[in-house]
């Protein structure tokens, strides 16, 4: 029996909750949001769909964090959404304050919960939440970029997506790093089957398509929600899938979250970072340095703001 809490049930939160619940991953689901009536009305919607499917999941919608208790997994989507032309880092201060508040309120009533950060900038928010909560936290990281990578290569080379393997690592978003040594099509290295498809084109797609989707559709939802559901599924059923999610590491004395391919199950790890070739590790190390520099600048400003 797995109890899962969904913190923030706006557009992406609703899609994630639907995906998780209808994959049979939660025996009980708690839907929380600050918007009056939203969790309650979303609860009704889900109950109608659950009845149609004949599931037994119990759903509770609430505007009170006091009702979020004894959850096994807590997914955090609460935060301001990314708007067209806005980078994920632009969101840092406002959304970090939300995570600090949640970090103070959630842990006392949810001992042993696994926290999965979804709110952007997702890796930095995971680092902020873990810093203030002292609870093990992961972020969805580059799991989404990884599937964008595979899907684009599959489309361009006209092969099924399940015939493409490979991972994206580093920070989620514009600074993500494609681990080209891991990219294979039908088991063959990318370079052998590229047929004129360049690495630059693939990388540009992976980094630019989210902004294009946001510009036209107002947000990315279905791709991320399905991938996040897969992360939850691998944890709940201890599947041990290798996924590129962001896990905590200490760098320059600060906890930061960086994505690397890692085994995801009831326990998180080990990672495959140690078996990557030097070329990939160098690019990943630079991503870590860049992430830390920007995160530390934002964190220092945040701490001054919080003190005020």
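Positions of Cβ are set from backbone N, Cα and C atoms, glycine also.
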Additional site residue, 95, 110 [criterion: listed by Swiss-Prot with 8, 9, 10, 11, 12, 13, 33, 118, 119, 120 for NAD(+)]: 95
Where residue 8 (NAD(+) binding site) falls in three-state DSSP terms: coil
Residue, out of the recorded positions 148, 172, whose Cβ gathers the largest set of other Cβ atoms within 10 Å: 172
Fewest-neighbour residue among binding-site residues, criterion Cβ within 10 Å, set 8, 10: 10
Under 8 Å by Cβ from residue 118 (NAD(+) binding site), same chain, sequence gap 6 or more: 8, 12, 13, 16, 75, 76, 77, 139, 140, 224, 228
